[in-house]
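The domain 'MTTase N-terminal' annotation in Swiss-Prot covers 3-120. Under the heading [4Fe-4S] cluster 1 binding site, Swiss-Prot lists CYS12, CYS49, CYS83, citing sequence analysis as support. Per Swiss-Prot, the feature domain 'Radical SAM core' maps to 143-375. Annotation source Swiss-Prot lists [4Fe-4S] cluster 2 binding site at CYS157, CYS161, CYS164. Among the features that Swiss-Prot reports, domain 'TRAM' is placed at 378-441, with the record citing sequence analysis.
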Amino acid sequence: MTKKLHIKTWGCQMNEYDSSKMADLLASTHGYQLTTIPEEADLLLLNTCSIREKAQEKVFSLLGQWKLLKEKNPQLIIGVGGCVASQEGEQLRQRAPCVDVIFGPQTLHRLPEMINHVQGTNSPVVDISFPEIEKFDRLPEPRAEGPTAFVSIMEGCNKYCTFCVVPYTRGEEVSRPSDDILFEIAQLAAQGVREVNLLGQNVNAYRGATYDGDICSFAELLRLVAAIDGIDRIRFTTSHPIEFTDDIIDVYRDTPELVSFLHLPVQSGSDRILTMMKRAHTALEYKAIIRKLRQARPDIQISSDFIVGFPGETQQDFEQTMKLVADIHFDTSYSFIYSPRPGTPAADLPDNVSEEEKKQRLHILQQRISQQAMEISRKMVGTVQRVLVEGTSRKNVMELAGRTENNRVVNFEGSPDMIGKFVDVEIVNVYASSLRGILLRTEDQMDLRTHESPQSVIARTRKENEIGVGIYQP
């Protein structure tokens with residue numbers, strides 16, 4: 001009888017990536033098949049996030065529901081991973097004894113052994129250590145699920161912003177070897193992936209070892225990824241302003257595969273608040289980065305993160321944030337009311353901003369950025385946009401949906417054979433969360449690179465010397 005696995009994922013794209021790797025790993029080692037129905041599962045995994053307010057309460061609320069399932073099925077195994085698990089550790093089991101496995105973001109690759117331990121000894125196991133980059137050596141080969149894919153290139157953070165738990169839950173920055181990343185992306189490209197999104201808590205802090213013992217910078221990695229046959233779009237998230245060096249900006253100047261869209265968190269427009277957050281840059285320095293980016297790529301759109309109501313934030317501080325929003329003309333944002341995270345320095349600061357004031361400031365900020373996003377969308381009407389077709393439209397299965405470079409969903413009429421390919425569409429209408437397009441040309445009518453598999457490249461370029469040793473000759 002097939003064993004079923006249910007994974008509930010909260011949080012960032014890194015968590016989504018980790019959950020997909022857990023599913024692949026447990027399918028290869030234990031034959032688990034994914035199910036969306038918790039009641040069907042033999043193994044329940046919760047991949048948690050501790051960034052937002054009341055993260056712990058949310059976890060224990062769901063575990064209370066899963067406890068009832070375990071009472072009906074004592075053989076059910078319950079595991080909790082992610083950042084809350086890393087924070088809480090053994091204390092998590094004290095509040096929720098139904099949990100059998102507790103693992104951190106850096107130990108998910110040990111899940112098969114942990115499950116075997118629980119099944120063999122009927123006793124719980126906790127592993128929230130930070131074994132550097134070991135997990136990537138233990139995960140199965142990547143499996144494409146559509147024309148886009150996420151690839152983790154580094155983990156952790158060394159910045160220790162005063163509001164953030166990431167350095168404490170995911171550890172300090174560790175970069176994967178560049179060859180491992182390129183091989184994973186080449187495997188995905190051979191399966192039809194056209195767009196890759198490089199992931200990391202501070203992705204532009206990437207410093208990965210090369211095969212010859214040198215160090216590959218993030219800018220160098222971007223160019224190497226762009227050279228992989230079949231990869232026509234590159235995104236990355238999340239980056240930090242102090243790591244956004246000029247060599248990365250140069251890649252925007254000469255590498256068209258890198259999209260004209262960047263998510264670069266700033267958190268506040270007030271230098272005083274930025275100092276209290278330990279962001280290590282000023283608003284002016286942030287604006288200088290954007291100015292240089294727009295010189296290199298005039299059509300680039302910028303999104304960001306904002307925290308409103310940080311302890312001590314005055315009305316003047318907030319107005320400086322709003323000025324930055326207007327000056328940069330941000331496209332979109334992830335903006336939240338500040339909530340203290342246990343164990344962070346900011347949690348000890350006196351919170352003298354009223355809840356009403358926080359809510360009002362958040363509303364003003366979000367309204368302004370929504371207006372700016374709509375302005376940008378309306379300016380796209382009448383333009384021709386290259387769209388990567390991801391599948392059928394959510395609202396009408398008879399239509400297709402894809403994304404523009406600046407991350408907007410476009411719905412249009414087309415045929416199923418276009419899925420996974422690029423098309424050019426004219427934007428004819430704008431809606432709250434999507435655009436309407438008319439198909440102009442298909443990928444076959446474009447001057448794109450011809451897709452060629454790694455195997456065919458080797459077959460075409462392999463030569464042998466006089467003693468029969470294979471030589472690569474480009």
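For all residues, glycine too, the Cβ spot is worked out from N, Cα and C.
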Nonlocal residues around CYS83 ([4Fe-4S] cluster 1 binding site), in sequence order (Cβ under 8 Å, 6 or more apart):
GLY11, THR48, CYS49, SER50, ILE51, ALA55, PRO105, VAL165, VAL166, THR169, ARG170
What's the CA to CA span in angstrom from CYS161 ([4Fe-4S] cluster 2 binding site) over to CYS12 ([4Fe-4S] cluster 1 binding site)?
18
What does DSSP say about CYS83 ([4Fe-4S] cluster 1 binding site): helix, strand or coil?
helix
Under the DSSP assignment, what numbers of helix, strand and coil residues are found in the domain 'TRAM' (378-441)?
5 helix, 33 strand, 26 coil
What is the separation, in Å, between the Cα atoms of CYS164 ([4Fe-4S] cluster 2 binding site) and CYS12 ([4Fe-4S] cluster 1 binding site)?
14
Cα-Cα, whole number of Å: CYS157 ([4Fe-4S] cluster 2 binding site) versus CYS12 ([4Fe-4S] cluster 1 binding site)?
15
For the [4Fe-4S] cluster 1 site given as CYS12, CYS49, CYS83, which other residues of the same chain have their Cβ within 8 Å of the site's Cβ centre?
TRP10, GLY11, MET14, ASN15, THR48, SER50, ILE51, GLY82, THR169
Restricting to the same chain and to sequence separations of six or more, state which residues have a Cβ under 8 Å from that of CYS12 ([4Fe-4S] cluster 1 binding site).
CYS49, ILE51, THR238
Let me check the 10 A CB neighbour count of CYS164 ([4Fe-4S] cluster 2 binding site). How many other CB atoms are there?
22
Near the [4Fe-4S] cluster 2 site, what residues other than CYS157, CYS161, CYS164 in the same chain have a C-beta no further than 8 Å from the centroid of the listed C-beta atoms?
LYS159, TYR160, PHE163, VAL165, VAL166, PRO167, GLN201
Note the mean pLDDT of the domain 'MTTase N-terminal' (3-120), expressed as a whole number.
89
Note down the number of other Cβ atoms within 10 Å of the Cβ of CYS49 ([4Fe-4S] cluster 1 binding site), including every protein chain shown.
19
